[in-house]
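According to TrEMBL, the protein carries these features:
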{"type": "ACT_SITE", "residues": "B:33", "note": "active site, proton donor"}
{"type": "BINDING", "residues": "B:26-33, B:144-147, B:173, B:181-184", "note": "ATP binding site"}
{"type": "BINDING", "residues": "B:57, B:150", "note": "(R)-pantoate binding site"}
{"type": "BINDING", "residues": "B:57", "note": "beta-alanine binding site"}
């Protein structure tokens, strides 16, 4: 496995393979990330991961400085998966040199859900993803469904800017008790870790209602809120039953299906999760 | 010469050559454009031009609907230069499909000069150039120095987003009497065409002062204004002696040299021109 610490070093590695699958990450890797690397390797022949905690997608009051980092462990995990290349910029200035002041705004789909709670977040995501795709020039880039709105934003970025990369969204990987894997789970104290399963339990309650025939989106949102209300440690930020492309809140679940999503704080830790409902007649 | 009317058609052409020089244009081609095509062909082996009058870089009060168009003549001229491919989208929706709402803002260098007079212009330019570079994937892309600020914006776009294309800026091509070639010259009535030479005469007066040892930027700006004042048909929008990268107005011409630029209306036609001053001790 070859490790590039600068853009120029990565470009030289990239030129050595005809096709490449890339997994952009902020490091502190877990099985979710590794499942993407395996798929990239299997589908493209060569796989690369990028590891960069991107400051421009954190607001001033967020956890940029405390976001967990573990480069040596990450590299070991990637090596064990047969990952070919890693792009791990050696400093923030490698990505944002002095004088950098470009910004990509992806429009309507960035204003709701995570975008409403985290203003500017998706401009930061879109800009760094555009840069990472231009640097790594992947045949395909792999993202986890766990960050559902990010997947919508990245797909729109690539489509609207005609970027020559295929975006592949892979299933959320979960712990045995259903908690979605996330680097931020490392923040949870034992009691909080227990309480955190309330997110997937809320989503599954709404999904079960849907499977039993419920088509009113409000009923699904209320079901999620009712389950979340049973966990005193959870402070709900939003629950949503939205169109999977436009992310507009639905009145009824119809031919487009729906994205059920929610965000809650457990103690000081902010967690998100989602499930996709299939099209309904 | 092969002509693509859709993104997909162009991608198929692109895949047939290892290297490509691309000349993005809005059509109504003149010798300035053709000089770029010749250089692209000579340096890259294969050359492509894009022809697209981009609505998002025109303000509501500007000349989008009347901008001169001549596709058949343009194609003849390109064929005669040995241009290999043309990307000429058959409709605006080929570039901006329903739901398109992405925007690239390039920051400080878009706020002055043309950007101050034409708000939103460079967001439109940056967004369409990013799309065209992603569609055509050039080894090198060629732009004319005539649009000096556009060249600064495009270089910054490519550098800040790490786009894998080299931007080449080529000298302004002029008529025998010095008027910079521009598709908009077609708007000029005979008397206006005569008056339009005032732009290059103003620039050359300031350049001559500089060559005679003047280093105060205000003196150069005043010299340009004085010459322009001698032409009653010219309504000046701005004159500038600016840093060639940051485009900030200079007090003295120093080690960075300077970009002398100006914009004026001759009748209803808006014209721009510029000259670059070399570094001064």
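Cβ from N, Cα, C; glycine included.
Caution: TrEMBL annotation is automatic and unverified by curators.
Just so it is clear, the model here is predicted, and its values are computed rather than measured.
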Candidate with the highest Cβ count within 10 Å, taken from the binding-site residues B:26, B:29, B:173: B:29
Reduced DSSP assignment, residue B:33 (active site, proton donor): helix
From recorded positions B:33, B:57, B:150, the one whose Cα lies nearest residue B:173 (ATP binding site): B:33
Distance, residue B:150 ((R)-pantoate binding site) to residue B:29 (ATP binding site) (CA atoms, angstrom): 18
Number of Cβ atoms other than its own within 10 Å, given for residue B:183 (ATP binding site): 19
Neighbour-count leader, CB within 10 A, recorded positions: B:32, B:33, B:57, B:150: B:33
C-alpha spacing of residue B:150 ((R)-pantoate binding site) relative to residue B:33 (active site, proton donor), in angstrom: 15
Rounded inter-Cα distance in Å - residue B:145 (ATP binding site), residue B:57 ((R)-pantoate binding site): 18
Cα-to-Cα gap, residue B:183 (ATP binding site) vs residue B:57 ((R)-pantoate binding site), nearest whole Å: 16
Alpha-carbon spacing, residue B:57 ((R)-pantoate binding site) to residue B:32 (ATP binding site), which is rounded to whole Å: 21
